Ligand SMILES: O=C(O)[C@H](O)[C@@H](O)[C@H](O)[C@H](O)CO
Ligand SMILES: [Zn+2]
């Protein structure tokens with residue numbers, strides 16, 4: 001009998017919940033509502049939610065070594081000071097593409113903040129194609145572009161041996177791998193790891209576990225799939241009570257809890273009535289695996 005338990009721990013109806021990151025320093029889950037333009041923190045002990053509103057979409061949040069957070073907001077990498085709610089730009093990208101925005105991002109094992117862009121959506125998953133790119137913000141706040149011709153830059157994570165980066169461009173319906181040099185942050189040799197099946201929906205956010213397997217959220221597929229990147233196969237599927245699951249990240253005191261964000265944008269009233277928890281955040285326990293503590297941005 002599976003001991004897997006799925007609990008909706010945050011019942012807010014966020015427009016596009018995303019980027020769940022466990023902040024061990026605060027004992028809180030940090031995440032964003034992209035279209036709601038806010039960064040939030042949830043305290044599991046008090047169930048209190050704090051939030052900071054921004055001027056533009058905010059699509060990724062990460063811990064910062066010097067304290068507080070870095071975010072990908074609009075097409076700007078920025079520092080977020082939680083206490084005074086200030087947002088300090090660190091670097092801008094896609095200045096020649098005024099209709100672009102950042103999407104998903106994460107800090108690599110060496111403390112560099114990777115994040116990708118996309119054209120702003122006309123409606124969920126409907127975008128002008130090939131407008132996005134993948135960027136890295138280095139410790140000195142310089143920026144490198146890895147590649148362009150991206151549709152919806154999404155989930156990313158790094159292999160446990162730090163020799164590969166896993167990457168999702170959602171409209172390819174694939175999970176890719178690239179060679180990755182942890183000393184320089186450079187990537188190369190992009191190839192397919194897994195092509196999603198029709199019923200699995202759109203690959204969105206992603207995280208790796210301590211066994212080197214990938215947990216991929218399937219937007220519109222209402223599930224998270226666990227993929228063996230070596231074999232290119234799905235080894236586990238966990239279905240959720242909402243269709244639009246957007247991202248996932250491990251947390252809790254021993255990183256054994258998988259937090260899954262979701263969206264409600266694009267759902268009509270009947271759909272929302274069928275899925276009252278859409279836009280909420282779920283905690284999945286009993287998976288029998290743990291996650292990797294997030295790395296903080298070094299700059
Ligand atoms: O969650 C994300 O990464 C995107 O920012 C969303 O806007 C998705 O593209 C959309 O939810 C797909 O239906
Ligand atoms: Zn996403």
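From the backbone N, Cα and C atoms, a Cβ is placed for every residue, glycine too.
Values in this document were obtained by computation on a predicted structure and should not be read as measured data.
Summarising the annotation, TrEMBL assigns domain 'SMP-30/Gluconolactonase/LRE-like region' to 16-264.
If you look up TrEMBL, you'll see 18, 154, 204 marked as divalent metal cation binding site. Sequence-distant neighbours of residue 18 (divalent metal cation binding site): residues of the same chain at least 6 apart with a C-beta under 8 Å from its C-beta are 31, 32, 33, 34, 59, 60, 104, 205, 246, 247, 261, 263.
TrEMBL lists 101, 103, 121 with the feature substrate binding site. Note on residue 103 (substrate binding site): other Cβ atoms within 10 Å of its Cβ, all shown chains, come to 30.
The annotation active site, proton donor/acceptor is assigned in TrEMBL to 204. In the shown protein chains, 30 other C-beta atoms lie within 10 A of the C-beta of residue 204 (divalent metal cation binding site).
In this structure, 121 is the one among the binding-site residues 101, 121, 154 with the smallest number of other Cβ atoms inside 10 Å of its Cβ. Separating the Cα atoms of residue 103 (substrate binding site) and residue 154 (divalent metal cation binding site) is a whole-number distance of 6 Å. The residues near the substrate site, meaning same-chain residues not in 101, 103, 121 whose C-beta sits within 8 angstroms of the mean position of the site's C-beta atoms, are 34, 57, 59, 100, 102, 117, 118, 119, 120, 127, 152, in sequence order. A Cβ distance below 6 Å to any atom of ligand 2 is met, among the binding-site residues 101, 154, 204, by 154, 204.
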